[in-house]
Each structure stands twice: as structure tokens, then as C-alpha cells.
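Here's the structure, in C-alpha cells; my notes come after.
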Amino acid sequence: MHIINNKPKPFSQELKTVWRALPIAMVFAKRAIRIKYSHTALGLLWVIVPIAAYVVIYSVFFSVLLEIDTRETPYPLIAFSGLLGWNYFKDIIHNVGPSLHQEGEYLKKNVLPKFIIPLYKSLLGLVELGISLGLFFILMLIYREPLRLSILILPVLIIINQLLGFSIGIWVCNLSGRRRDVVHLAISGLNVAIWLTPVFYLPGLLPEVYEPFLYLNPMTTLIGAYRWALLGLSFPPAYAWAALLIWGVVLVAGIRTFFRRQYELIDYL
Amino acid sequence: MIQVDNLGKKFGIRQQSKGQPTTEKEVWAIRQLSFTLPKGKALGLIGPNGAGKSTLLKILAGIYLPTCGQAILSGQSGAVLDIGSGFHPDLSGRENIKFAGRLAGLTKEQLEAALPEIIAFSELEEHLDTPVKYYSSGMFLRLAFSTLIHTECEILLFDEVLAVGDSAFQEKCFQKIQSLKQDGRTMIMASHEPAKLAQFCDEVMVMANGACQFLGPAQKALSFYSKHFALSPTPQPRDSRYLEQLTYEGATVIGELPNEEIAVTFTVKLKVKSRPLTVAIALTDSLNQLLFSGHQPLVMENVNANESMEVQWSFPKSHLNEGLFWVNFYLFEEQNIVEQLPKVGQLEIPPYQDPKRNIEGGFHAIHIDSQIQVSYE
């Protein structure tokens, strides 16, 4: 028995529906990845090209021209480890934010829980992250950087990365109903935020008084953790992790709001 | 089972025009809709564009939320609301079937089990590994329809889609739909083709402006539809080489029961008098299917150009069942139709006193006296 009316369904029931449809999200994600690279000669190799270009360009700028001090760790590894987490974070927001608009025609003609759309979009960046990680290990080998045991924590960091990106992405999605300014705001914001986050530099580059402010940015903490796990740099301070918890609240509120607004959003499409 | 109770859906539509502030207009796409559809029945939706048919289907599919009222569905619903919208053009037919099947709630194992059957039904074996962007719309329908009917969905919704298949496939769909109904699946389909609905549906709802105008047995609802919403009678012949004027004077009943006759009268003015012309008048039912016609060669010596003459066509009334009929006018020159004026006149037969006749009226238009003899041993 299935009742359709305009009363909001309880959060738990919505979550259950999404949980049941989770395999569908995986099928969607697989299909999207296959489509993305299906008409290319090099296929997944295209993931490497932009990353390699970034790493080379910033290595030339920061370590050769500006001579940034990264202590004993080679600069390309610093830049690349920063890009790993950042790119995944950025991909999620880029994919999730406008997802309802992009799939509007589909959503209006097909029966599926709407949450599946932003959810599967958030998973697409995983392929690129995986390939980038492989590339990173090759780079570590070239620089004779040892593999540390702390690398085992990597899956946890990737999950945090995923949730962090999704918490912002879903809000972009929620707020871009009738007007889509928020999507543009988010994309421009990311271009600024990459410089407020120690992606191409280490937190130590700034005077020590500013460091706590840097750690208000959750990506600072996460990238710090990536560098700790992969390169053995210092672990982010405890207060940074506490600040990260705020984003858990943002995430849950974002999902709840999505469930409440999903039909309204569909009407605007 | 589908139970719809006072359902309504309001859209806020923004009006944008240059140099003026945007205003918002509220439009009720569906208003105060209530009906009950028992398990194993098929309901047809018909009505002019913008009547709310698609909106209703989308609410039942769970795509839109109603503004007020509620609908109770006895099971999961599956829908084909558009040809190929769920398919990705770059993926092959097989991959798309798998995707659509999973989306409609099949598990991986169920899908593997159903796949051969789906493929067989769609008759697309040869094209299964072709990207669907090379498919025709008929092939899309085969794929979508075959996949959906092999899922567990208890409620099936179709929007304007069954019309694109060829007649062989439609016949197959028809058979399949009958067996699905026997399995207890409930169906709602929207269409602009009354004949299709008459074939597939038990009941038909005529919709206009978001509201139900008529809900009842298919034939009766379709008569209602063709009376109120189908094309209005063709007015005058324009740029005709043969006809100056044609007026439908109406139909009258002459004679007494049981030999009542219907007389259909036209006033005709011809432009030419030299050619050998034949007048033909035909009767079509509410679905505009031809029932019978009368022909009469004109005696051309007696025809005066631009002078009216009266043409009367009569036939026994008792052959027509209750319902709505169209009168069509044709001119023949030898074997060729040179002038045709479809639906020039309307004819309505009221219900008969005899209850046996009224049962017939719900199913077909023509009555011929016949006997069924039952021998009990």
C-alpha cells in the first residue's frame, strides 16, 4: 500500500527508500562513467592529463621560481597530495550542485527516488581519485618516498572527503531552485577557496597566528590528514578535527532539506 | 487498485516579458479529481492538450507531489511516460534494458532471469548490441514496453506511447495487456486516439482543464468525448471545384415504431453540371470508423449549376445502437472521390427502452437482429 499526498514523509522513511535504491545509484554511476569515456581513444587516460599538467605547472612556479620551502618532502609530492583531496572535493560540488537541472528531463519522465541523482553524481569523482592515487604512488616511487603504515587510514579519509564535498554540494542543489545563481557562486567560490586552502603550499607558509583560521576550513584538515597518511607530515591539530564535526551537522541538515524540498525543486525544472 | 481522492496540483508559472517585472501565475493542472480503479482494470485518459493527463500520470508515478488530496496505490508503479527518455543514446539496447530493469525494481538475479523473455518480446535480438541512438521510435517503444511489463510493478502507467508501435506489435501489446490485467495488474493510459483506448481500456475518463468531465465505460466516454471535444463539424467546402454550398439540415425520425427510419437531409449547390457525379453519404461511429454508406448517381440533365437541391438519405433507425454518429458527405466522379467533407453532421441516438439494446450500446454501434439459441439437454 502506497499513499501519495502532500504531507512530508518522515526522514527515516525517506532514508529507507534511498537505501533500497542504492544499487540503482551504483548502476547510474557506472553507466555515467562508461558514457563519459566511451567516445574517446584514450579513455581513462584523460583523467591523468589535467592532473599532470597542474602538478608540472605549479612545481615550476612554486618550487623553481618562488623556491617555496617544503623541508625534506619534494614539492611535486606536496602539490599532488593537495590536489588529490581538493580535486575530489571540487568534483563532487561541480557534479552535485547542478545535478537536478542537468537531469531534469530525466527526473520528469522516470520513476526513481530523486535523491539518487545527487548521490550518484557525487560518486563519479571516485574514478579520477583512484587513478590519481595510482599516479601519486608512481611519483612516490620516483622520489623514493617510503610507503607508511598510516596509508591504511586512506579509505576513512576518502569517506570524509566524500561527505564533506556532499554536504556543500547538496546545499548548492537545495538552494538552486528557481534561480541557479548558487551554482555559479559555488563554482567561482571554489576558485577562490583553492588559495585559502593549503593545496599548493603547506600551512606553515603563513604566519603562525593565522593557522587556526586556516583550520576553520575543513579542507585544510583533510588535506593535512592526506599528507600525514601518505607523506608522514604532521597530523592536523585536535581543534581542527572538532571544527570538522560542524560539517556533519551541515550534511544531515542538507539531506533533510533536500527531502523536504525535492518536489518543489522538480516543479521548477 | 488505485484510489484517487480529491486530487489537485497547482503550478506557479512565471510570466517573463521584456521590460516588465516577472509575475507569477497560478495554474491548476489538476483539480478535484476523484476516482477508483479496481485491481486488474485499465483506465484510459483522453482530453485536449493541457487537460492534465500527463500531470495525473506523473503524480501517480511519484514524480510530482499533489498540492492537495491523496492517491492510494496498492503497489509499486512503473511508467513509460516518454519514448526513450530513460535510455541513454550511447549505450546498447542490452545495456539499456538492464538499466531500465534495475530502475523498475528488479534485482540483478531477477533481471538475468527475465532478460531472455524481455529480449524475445521486444523482437530486437539483432539490434541488441547497437547503440540505441540508431533506433527508431518504434524500437524504443518495444524496448521500454517489454522491459516494464516484465517487472513486478503492479501499476502500469503509459503516456501517449502505445501509438508508435506497428500494428503487429500493437496486437502483441494488446494480447499482453489482456493477460497482465488477468494477473491483476492495474493500468492507466493516456492517448489522443479514441480507437486505441476503446481497444485497451475498460473505462475511460474524459479530462479538460484539469477536471474530470466524464468517467464511464469506454464507449460511452468516447462518445462523450467526440461530441464535446473532437473536431467540430466541417463548415463549408472551400476552394471546391464542384461544390458551391453544402448545408446539413439535420436528421429526423420518420415513420412509426417498429419501422422508424432516420432521414438525413442536405441542401447542395453544385458548380458544374456537365460531369457525371455520384453523391455518397456515409455514417461513422464516435471513433470515426466507417459503418455504412449510401450512393446515388446524379441525373446530370436535371442539375442546374448554382441552384439548390435537396439530398435525403434514409435508413432504418433500429440498426443503430444508442450513441453518437457522424455523417460524412462525398462526391464521386466515376470511381474517384473528388470531394470529401468528413463529419459534416452529427447524429445522436438516444437510449432505447429495451434493456438488451442498451447493453449493446456500450460496446458497438451497429445492431442487427440476431438470435442466440441455447439448447439445454
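Note that the numbers count up from 1, one per residue, in the order the chain is shown.
A Cβ is built for glycine as well, from the same backbone N, Cα and C atoms used for every other residue.
The model shown is predicted, which means the values in this text are computed figures rather than measured ones.
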Annotated transmembrane segment segment (source TrEMBL; candidates A:5-21, A:73-89, A:90-106):
A:73-89
What stretch in A:40-61, A:149-173, A:185-206, A:238-259 has the biggest tally of Cβ pairs under 8 Å against the transmembrane segment (A:123-143)?
A:40-61
For the transmembrane segment (A:40-61), give me same-chain residues lying six or more residues beyond its boundaries with a C-beta closer than 8 angstroms to one of its C-beta atoms, as numbers and ranges.
75-76, 79-80, 83, 87, 127-128, 131-132, 135, 139, 200
Please figure out which one of A:149-173, A:185-206, A:238-259 racks up the most CB pairs under 8 Å against the transmembrane segment (A:73-89).
A:185-206
Same chain, outside the transmembrane segment (A:185-206) by at least 6, Cβ under 8 Å from its Cβ: which residues?
58, 62, 68, 70, 78-79, 82-83, 86, 90, 93-94, 97, 168, 172, 214-215, 217, 219-220, 223-224, 227, 233
